[in-house]
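To keep things clear, I will list the structure first and then write my remarks on it.
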């Protein structure tokens, strides 16, 4: 998970349809230090129809998530990527102070009701019910964090989370 500005792009001829290689200037890394301490290139499919993402060169800073495979960082439409200035204050606060508290949690998308957590370390993500996904209210304003005894729940707020309380009223 990084914050970066795209400073170049090049179509690579690998694979049957090609891969786009974006050169990035990394501003901050939020997660992945152990695997790759610095990201210089982001790879994605050249075509949006194959889940490739289109990033603009020298225009915006982006939040980019992805995976590392054979020493390269890949992203696609199923990963979270967003222009930095479009993130909500809660999302920015989450990146800097909250999301790391949920590393032991799993987020289970809910596509239709009823939805139930199958273990204590799950948060049920209901934005999928309204087809908003990453742009839904829950994704924009809440963080799934681990509470007492390994239980995970949604948290919203500016004060540091009280790990001794599980707020059952949060979505």
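Yeah, the Cβs are placed from backbone N, Cα and C, and that goes for glycine too.
Copied from TrEMBL, the annotated features are:
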- 105-152: disulfide bond (DISULFID)
- 110-115: disulfide bond (DISULFID)
- 123-144: disulfide bond (DISULFID)
- 1-103: domain 'NTR' (DOMAIN)
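Within the same chain, residues at least six positions away from residue 105 (disulfide bond) with a Cβ under 8 Å of its Cβ are 121, 122, 123, 144, 145, 146, 152. Assigned with DSSP, the residues of the domain 'NTR' (1-103) fall into helix, strand and coil as follows: 20 helix, 40 strand, 43 coil.
For the disulfide-bonded residues shown (115, 144), fewest C-beta neighbours within 10 angstroms: 115.
Candidate disulfide-bonded residues: 110, 123, 152. Fewest other C-beta atoms within 10 angstroms, 110.
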